[in-house]
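Here the structure is laid out as structure tokens; the discussion comes afterwards.
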């Protein structure tokens, strides 16, 4: 029995002394080390909490937009509503290349007072734009008592559309 145990131990030791076979490589699971994706994955493993930069883009804007601000009869003071302020601020950023401000009135036969009203309305919008941070060199003012009618109606509801200042925003 003793010999049998000795022979079993000798066979066991002889089996352990032979080196294992090398693994066979198929190439199915190869990962290129220098590819951009692999480098980005490695960077994220090394610096996991590093924030990634995200690009912020302004929405595409048309090259020209016009907004009309309407005034009551013979009123020249510009008191914008919160909706008008939000609309104008949205149009003013990013900063436009140029802004044309055109003051208009509603009479077909312009008395001298209508020219003055159109001018003062345009200046009120001009001053408001400057107070909002727009450079004066980017703004052009014009005014005309009889021009560019939005409505040819001689009655009050149609004439309201003609008492306005057009703000034309040019992007190119």
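FYI, residue positions are counted from 1 along the chain as it appears here.
Positions of Cβ are set from backbone N, Cα and C atoms, glycine also.
Features reported for this protein in Swiss-Prot:
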type	residues	note
DOMAIN	58-172	domain 'OmpA-like'
LIPID	16	N-palmitoyl cysteine
LIPID	16	S-diacylglycerol cysteine
SIGNAL	1-15	signal peptide
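Confidence annotation: the domain 'OmpA-like' (58-172) carries a mean pLDDT of 86 in the model.
Helix first, then strand, then coil: DSSP counts for the domain 'OmpA-like' (58-172) stand at 41 helix, 27 strand, 47 coil.
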